[in-house]
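First comes the structure, then the notes that go with it.
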Amino acid sequence: MGTVGKKKDRPTHGCSTIPKLALELKQIIHSTTHPKVPPVTPLRVMMPLGKLSKGASLDDLIQMCIQAFDLDGNMGQNSELLQIMLTMHGFLLPSTELLMKLRTLYQDALQNRSFSFCLRICYFIRYWVTELWVMFKMDAKLTQAMEEFQELVRSKGEELHWRLIDTAQINSRDWSRKLTQRIKPNCSKKRKVSLLFDHLEPQELAEHLTYLEFKAFRRISFSDYQNYIVSGCVKENPTMERSIALCNGISQWVQFMVLSRPTPQLRAEVLTKFIHVAQKLHQLQNFNTLMAVIGGLCHSSISRLKDTSAHVSHDVNKVLNEMTELLSSCRNYDNYRRVYNECTNFKIPILGVHLKDLIALHEAMPDFLEDSKINVPKLHSLYNHINELIQLQNIAPPLEANMDLVHLLTLSLDLYYTEDEMYELSYAREPRNHRAPPVTPSKPPVVADWASGVSPKPDPKTISKHVQRMVDSVFKNYDLDQDGYISQEEFEKIAASFPFSFCVMDKDREGLISRQEITAYFMRASSICSKLGLGFLHNFQETTYLRPTFCDNCAGFLWGVIKQGYRCKDCGMNCHKQCKELVVFECKKRSKLSVGENSSMFDSGQLEVIPAGGKGQTNDCLGAEEGPYSYPNGDGDIHTEVSKDRTIMLMGSSAQKISVRLQPAVKHRATQTENEPQSLCLQVPSPQRSRTPGLTSHLPISPMPSPCPSPVPTRKKAYAKWENKDSIRKARAELRGGKAGIQELEKEKALLKEENTTLKIQLKDAQRRVETLRAELRKYVLDSDVHQTGS
């Protein structure tokens, strides 16, 4: 498979495997000189070139373009040649050099007092600036040369000419005008949109994927196509790269949405849904996204799932085969080309197919003919191919987009996976069966191999923007009472719409998720999935833990007497047996540490009870708002975010809920040094006080950095503890090496009194807030009744 990022895969002169299209184009050009060759139907209607079919020099082409304007600035003949010259001159010389040639001609004409020719040159430049202002926006050297030319004209006293080539109109252009027009988002509040993948209809999903595709396709300019033809890759071509990355992202998203379901029946339901989405994309004539979806469904990581395929109906499989046949690369995509040419109005082509056509045409035809004349027919053919794609950008799609769903899909498509990771997850779902008979060879999968070398790697700023937009949309649709929280059940449904799972959610309030917590969740998950990549190759081994241990995947407790869970020998991750195949954290190999050292969960130390916000609290154990999250690979500065206390609900032997709160503890930036490692503080509030932020117990933890890549605070050196007076006193007595004296007991008594006072104050505050909320609720109910009575 070739890629756009590898120039070596491009066809070269003298190669024996020139694409069929290139040979056909040669026959079209030379059909007049070879009457015995059967004519091939031209791909586009071309204007008669006349004497230009034999080529022309660069100076002759410039002269013809200047003469295309009359003294009033109107265009006469050679108007299409003018378009070709301005858009395709990059194949011949840089834009700055073309402007310098025009400047030289202007100076010579002004010296010869040929004012009419000077006026035509100014009309030519004005047309260039007006119609192709994007070139000046993108090329700083061209803009500078234009300003110097303008100063030259003004210094000669030609005010009329100076006004014609005024560069102010370049800066007055709204750069985002073309990028935001023509697609009108649906701002109607009558229809409530669902952000849940399982609730989305195939038509709705296809329309919003088309919205994203057209938005990326519309941004590709003449210069972008031209740069790709010359370089053969998308390096330093961001608009082209974003379009290709979107195509690859959709293909990967389809695969991982299927693989994210645990059972064959559920995977078959998702697969069936995407086949119906493909049908709707075909009806919308969005062939590029159709290629991405079918390419994902036909990928070997999906096609090998025999148990899943067994639950797909015959009719659905028939539709998939029809779509695969439509997009087959056989006979140079003959089926697709036939259907595409029959389509009218709005349509989005398979960009890779047409880019291959452009490269084939560029390689098959020489740049110069005899006597070093420019091959004008080649420029004309390339212009027609590119112009057809550009004209499609002016046709608005027949749809209305809901921006909330657009934001959710945009974040979902920010993926970065490798082929090995796809196969690893596929084999985790359905392991290889060595006894199964060999599979009958089938049709080659539909994969956009031309774009496989481009990996969508959004930068952290883009990820943050996508996350914030998505979170705003979630709370707009699900936080109906506008209290800043959504339920745990709603969050789990929303999270299921993404092709990645993540750790247990942080909770400030039991059963409710705040805006800050859901933002932190998706920031961490998106950063791992879209930037760092994932490695599923953990070396898990069944392990017996001698001390209490938590699962690094679900944050649950590893219960049992022996062989409670699994431990990765490479990175030290701990997890349940049922979580072993669901781990999405990358395996980071660490320095060699003994099992005994890693298994020890807590170092002996002194237990201190420090009231929240009291004088005894030091900056070694700050609140959660002060503790920054540490990203792998040192990306903490980029992804700095405000994180809450991490609460885990455990069940004790007496069916009593125990709240274990974990929070990172980091020295203040002003006092932090490189030699002082981070530490963690385990806060174990009393079961009776688990719902109020009162007194917490701070357990000093070993500063050993966690080898586990989990972004949640490590629990390798911490354990849950049932907090009651007897256990606390007993632990303190053991740590102090003897029975507590009278002074220690008095201090503890005073400390408990201070804690009791703090809790009473917090209880009163909570009661006042409850009364306030009740009053607001009564007022809201009364207002609603009055409104209903009046209506």
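Each residue, glycine too, has its Cβ placed from N, Cα and C.
Of all ranges given (32-89, 554-611, 728-785), Swiss-Prot attaches the label coiled coil to 728-785. Checked against Swiss-Prot, the range among 333-383, 537-587 recorded as zinc finger is 537-587.
DSSP labels the residues of the region 'Ras exchanger motif region' (53-106) in these numbers: 36 helix, 3 strand, 15 coil. For E490 (Ca(2+) 1 binding site), the same-chain residues 6+ apart in sequence whose C-beta sits under 8 angstroms from its C-beta are Y478. Counting neighbouring Cβ atoms within 10 Å of each of the binding-site residues (D479, D481, D483), the lowest count belongs to D481. Note: the Ca(2+) 1 site is recorded as D479, D481, D483, Y485, E490; in the same chain, F475, Y478, L480, Q482, G484, I486, S487, L512 also have Cβ atoms within 8 Å of that site's Cβ centroid. Y485 (Ca(2+) 1 binding site): 22 other CB atoms within 10 A of its CB, across all protein chains.
DSSP assigns D481 (Ca(2+) 1 binding site) to coil in the three-state reduction, outside any helix or strand. Helix, strand and coil counts under DSSP for the zinc finger (537-587) come to 0 helix, 12 strand, 39 coil.
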